[in-house]
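> Have a look at the structure that comes next, please.
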């Protein structure tokens, strides 16, 4: 009879327990969700320049829009991290992916609420109704071309420029949806995987995640080549090129692609279970960890929302009271400020410093920097698994790689390009830094317009009028201004290209940037595992959530704004909105841009190392003390060892009996249970 009951019990467990492969399925689903959300976030970064020009905004305003993602994320991050760990984590992740899809769709939909994009050019209608740029007008018989639009056009332009609010809201909604994905996903993997496999799984997850930014920047590169109103305008009539500071790419297309991916990624999580069976491994988790996790999983099903909420403040107090975690949090804030500022404006820095187009800058980031980061993160996780690094060793590895990358960052100050020679901005007319000179004083030119032309002498003029051009030939992008008075020759549309030495400097910059990215990413996984392992196991979800909340509050939100404000301070030429007021910047002082951008990054990163060093010292003392206490314990005699072994065996036997009794109570009738108890007592 007992043998039959035992066989039935084994069959019942096998038929009702979730398959072990569900953990791998969860990792695959989470990887795709990470890929999709990372692709969308990277595409948003790659579209910063396009959105800035389309809505005629400053870098400060565009930084505020970029920070809206963190604002939305902040609203629910702490609550989701604490309560979500006690609820159905996969389904919460599914809801988050759906909200991100809606946010991306709303951002792209903004394009269709606006009118056609009109670059800031002075329009003159010729007999064949082709578009030409106004040249110097010398004779009073020729009517002066006004650059002021009509009242109707002004109203339309002004109302459409407020549409950036929808981009702000869509990005914020995407931030709200991203809230449960990272803390709940990582804690789910760490709870139900082997202790020695958890770092490797997380490293694989982060590596696959980096494919998202890579494809996001490649998608941004492709869309930046396409004109914003492609399919609605005759491209032959467009006089600007992708290298022009007024060019706006089809920024809206990528958000629809991202929305589809995010919606698809939410589907698998609806069908995954709330919990999985604990895997056994060589490196067992501490007994108290397993007991705490088992009790949490068994009791959370019966907790109501009020009971869960009562434990939030005590858990938060325990978390903040952990010195290693608090110091890591302070260092993470500074590093995150540096990273967000650099990542947001890196493509723009490459455009302004080295004369690259937005499409090429995004392409190079996608195919060079991000693959190097992916390989570095993967190798970092592999090192931690291969050598089974401790918490202290992981912190030391993270510090060493990060500091070496910091030293390489300092070399980027030497990779530079000189300012382009622009008459009236970077070089003077006859010793005076004014846009109006004797060669164009009779032309009644407006100094506010920005229609650059490049003369044969290699000097860029703000407009054909200020170059003193009298006639023109050609059409569209091939228009050539001739009989120029200031450069004494002809002038081509657009700014003059950089010197050949700038190309060599750009090659050096990219080599240093890629190497620095690879070395820095080697310590990403060990540093991440330090955060998880230096706190109590039941606080993992809350710790990751609080870290994300604080770093995004003090880093993700303000960093793009003050980085953008400092970048705006280096602007040499602003566009003027149709209704008046300052628009987007057309040209920057490249030397000032370099010193402010790289200087701010190095200052923030350098300050973070003081906290990281303190964490290493603290962890080393803590673990040395633990090892010392273990070594000073009195060795046990053989008799004591036998008694301890007997007690453990008795405890295990009692636990198995209790588990068997519980299963019988759920699966069999009362008579069968009594029969089994009598049989146990007789034995």
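Please read every residue number as a count from 1 along the shown chain.
Heads up, the Cβ atoms here are built off N, Cα and C, so glycines get one too.
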> Tell me which of 389-411, 412-434, 435-457, 458-480 corresponds to the transmembrane segment entry in TrEMBL.
389-411
> By a Cβ-Cβ criterion of under 8 Å, what residues six or more beyond either terminus of the transmembrane segment (389-411) are in contact with it?
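Those are 335, 380, 383, 512, 515-517, 519-524, 526-527, 529-530, 533-534, 598, 601-602, 605-606, 609, 612-613, 615-616, 619-620, 623, in sequence order.
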> Which bits of the chain, at least 6 residues beyond where the transmembrane segment (363-383) starts or stops, bring a Cβ under 8 A of a Cβ in it?
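For the transmembrane segment (363-383), the sequence-distant neighbours (Cβ-Cβ under 8 Å, at least 6 residues beyond its ends) are 46, 199-200, 202-204, 206-207, 210-211, 213-218, 220-221, 346-347, 350, 356, 389, 397, 401, 510, 513-515, 517-526.
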> Taking only the residues in the domain 'Major facilitator superfamily (MFS) profile' (26-617), give me the average pLDDT of this model.
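Result for the domain 'Major facilitator superfamily (MFS) profile' (26-617): average pLDDT 79.
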> When you check the transmembrane segment (324-343) against the transmembrane segment (92-114), do you get at least 3 Cβ pairs under 8 Å, counting only pairs 6 or more apart in sequence?
no
> Going through 92-114, 509-531, 595-619 one by one, which has the most CB pairs that fall under 8 Å from the transmembrane segment (200-228)?
509-531
